[in-house]
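Asker: Handing you a structure now.
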Amino acid sequence: MARKTPLNRIRNIGIAAHIDAGKTTTSERILFYTGVSHKIGEVHDGAATMDWMEQEKERGITITSAATTCFWKDHQINLIDTPGHVDFTIEVERSMRVLDGAVSVFCSVGGVQPQSETVWRQANKYGVPRIVFVNKMDRIGANFYSVENQIKQRLKANPVPINIPIGAEDTFIGVIDLVQMKAIVWNNETMGAKYDVEEIPSDLLEKAKQYREKLVEAVAEQDEALMEKYLGGEELSIEEIKKGIKTGCLNMSLVPMLCGSSFKNKGVQTLLDAVIDYLPAPTEVVDIKGIDPKTEEEVFVKSSDDGEFAGLAFKIMTDPFVGQLTFVRVYRGNLESGSYVYNSTKDKKERVGRLLKMHSNKREDIKEVYAGEICAFVGLKDTLTGDTLCDEKNAVVLERMEFPEPVIHIAVEPKTKADQEKMGVALGKLAEEDPSFRVMTQEETGQTLIGGMGELHLEIIVDRLKREFKVEAEIGQPQVAFRETIRSSVSKEHKYAKQSGGRGQYGHVFIKLEPKEPGSGYEFVNEISGGVIPKEYIPAVDKGIQEAMQNGVLAGYPVVDFKVTLYDGSYHDVDSSEMAFKIAGSMAFKEASRAANPVLLEPMMKVEVEVPEEYMGDVIGDLNRRRGQINSMDDRLGLKIVNAFVPLVEMFGYSTDLRSATQGRGTYSMEFDHYGEVPSNIAKEIVEKRKG
C-alpha cells in the first residue's frame, strides 16, 4: 500500500486556546466542513466528537488531545485537540512537541487570557509556527482590533490580519480577504457550507485598504526582492503576498490573523485555507534533534520516507475495546502493522499488533504508516509517553520531554477490600497515561498518595477511577508538596566506625554543603585527591546523601537546590565498605544541614483574578490575607485583573470564597510558578504539626 498523501501535503496542527475560547467548536466545524462528521456536535450539549471522554462531556472542557485526520483541498490535516485548562498544561506541552503548526483560538470578547499566555510560551519554547483565529465574532462586545492589540502588548507577538470582519456581534456576516481584496459572505441557510465572494462594502473600503497596506509592508519585510519591488512602488502579486506570509509565519516573525464565528458557521473555510497555505508541512520544519544512543552524540532526523523508521510516543490512552493505545508521531521512514519496533529510550523491542488511524470517535485499521503521520499503535506494553520508537539498525533517541513535579497531594483510601486491589492497578495505568500524575505511599501512615498539578487535575483522576475502573475511593484533605533548602555554607566531617567483634565498619568523610540557585537541583562534586578515599567508595557517599536528602532535618520534606563537595576523608584497609561510606555521607549531610540555616519552601502559584471593579478592594484584601504578593493590576473589557503570587496552601477552597465574595461574577486561574520561602512563624507551625 503506497502513501496516499504526499508528505508536502500533510499538516500536523494543534488547536490551542484558553478555556471557553471556542476551541472544541472550531475543531468540530473543521471536521464538519472537511466531511467527517454529519451532525455538528455542540459542546453545550456534550456531544462534540473531539471531546470523547465522559468527564469532558459533563464539564464541557477538553482534557485529552484526541488526534483526528481530515482532508481539505487535496491536503491531509492531522488535528490534535489540546486542552485549554491550566491544570492540563502537561497535555498541551506534550502535543506541542509533535505539532508542526498551531491555530491559536482567541475569544473576540475575552481576548488574551492568562492560560493563552502559558500556551503561547509553550509554543515559543518548541518553535511552533502559528496562525491566530479570533472566534465568537457574533458575541456582544466582540472586538477583533482589541484582540490584535492585546496580542502585541501581552504576548509580544507581531499579529498581521489577513482578513478583517464585516460587522460584529449580531451584524457579523463575513470577512474581507485582504490577500484577494474581496468580501466573503456566508449563507445562513446552508449552515455556512456555502459562501459568496463579493466586492468590498463601500463603508469598509478605507479600512480594508489601510490593513492591506500593513499586510503588504509586513510581507515585503520577509524577502529582499519583495522589499525592492515594494519600495519601488510596484504592486506585489497575490502569489508573492502568500509566499511572504508563509515565510514570515514559518520563521515566526509574523502571525497571520483571521476571524470568524465557529458556532455560527462563519470563517471556518477561510481558516482551513490558511492552514494549508501558511502552516508548514513536515518537510518545512527544522530537522528534529536526537541523540545516538551508542555514541551519545547529537544527530538530526529529517522528515522523509527514506531512511529507517523513527517516531515519538506522545500520548497513551486506555481504550475499552482495544486496550492500550500509544499515539505516535512518525518522523522518518515507514512501518507495517505486525512488525517489531525498537524502543531506544528503554532499550527494548516490541511488536506492533495493529495500526489505527483515529477519526475522533471512530477508528480505521491501516496496514502501514509513513513519515509525517500521526497514528495509534496497539500492542505496545512497555512504551511510555516521551519514548522514542525506531529501527534498531539506525537507533536514535529523540529529545526527551520534561515533566513537572506535582505540587499537590491527596490521600486516597479504597472503600472496600476489593477496591484496594483494583485501585493499585488503576492508578498504575493512569500514571502511565499522564506523567505529571504520580502515585506514592506515605511511609509514616502507609496511605496511598496521589500527586498532580492542581485540584482539578486530581479531581478528574478520582473521577476516572470511579468511571473507567469502577473503584470507589474516599479522598483526604489536599496536602501541599513542601520542600526544604539551606541558606548558608557549612563544612562538616563525619567518621562512622563500628568495632564490635568480627568485621568492623569504617567510613570517614569531609564535606562542604552550599546553597544553589532556586530550581537548580542537586549537585555532587568529588574533589578527593591522592586516594584518601578509594574511588570505588565515592558513589556510595553520593548515594548516602541522595537518600538522606529525601527527608530533610526540619520537617522531613525533600531537600532541594544545594551542592555537596566531598574534599577529604580516610579509610581502613579491612573495615571500609560501600555501606560504611554511604552511612558516613548520609550522617555528614544531616549534620551539615542542621548547621546550614535550613528553611522551609512552599509552592507559590501565579494567580490571576478577574472581577468587576466594585469587588476589587475585597478581592485584594482577601489575597493579602492569604499571604499573596500583588504583582500588577490591569483593566480588561471593563473588568479588573489582579495578578499575584499566592502560596498554594492558602488557595484551597478559593473558588467557593471568590464566588460568594463577588456574587459569582469573579473568575480566577492559577498555575504553579516557583518555590518560595515560608515565613518563620508559619514554618514553625508546619514543623510542629509534622512532628506532633
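Just so it is clear, glycine is given a Cβ too, placed from its N, Cα and C backbone atoms.
Feature annotation from Swiss-Prot assigns domain 'tr-type G' to 8-283. Look at Swiss-Prot and you will find 17-24, 81-85, 135-138 tagged as GTP binding site.
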Asker: Suppose you look only at the domain 'tr-type G' (8-283); what would the mean pLDDT be?
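Answerer: It averages 81.
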Asker: Within 10 Å of the Cβ of Asp20 (GTP binding site), how many other Cβ atoms can you find? Include all protein chains, please.
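Answerer: A 10 Å sphere around the Cβ of Asp20 (GTP binding site) contains 18 other Cβ atoms.
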Asker: May I ask which residues of the same chain, at least 6 positions away in sequence, place their Cβ under 8 angstroms from the Cβ of Met137 (GTP binding site)?
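Answerer: Long-range Cβ contacts: Ser108, Phe144, Pro165, Ala168, Glu169, Phe172, Cys259, Gly260, Ser261, Lys266, Gly267.
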Asker: Around the C-beta of Ala17 (GTP binding site), how many further C-beta atoms are within 10 angstroms, looking at every protein chain?
Answerer: 28
Asker: Secondary structure at Met137 (GTP binding site) (DSSP, helix/strand/coil)?
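Answerer: DSSP assigns Met137 (GTP binding site) to coil.
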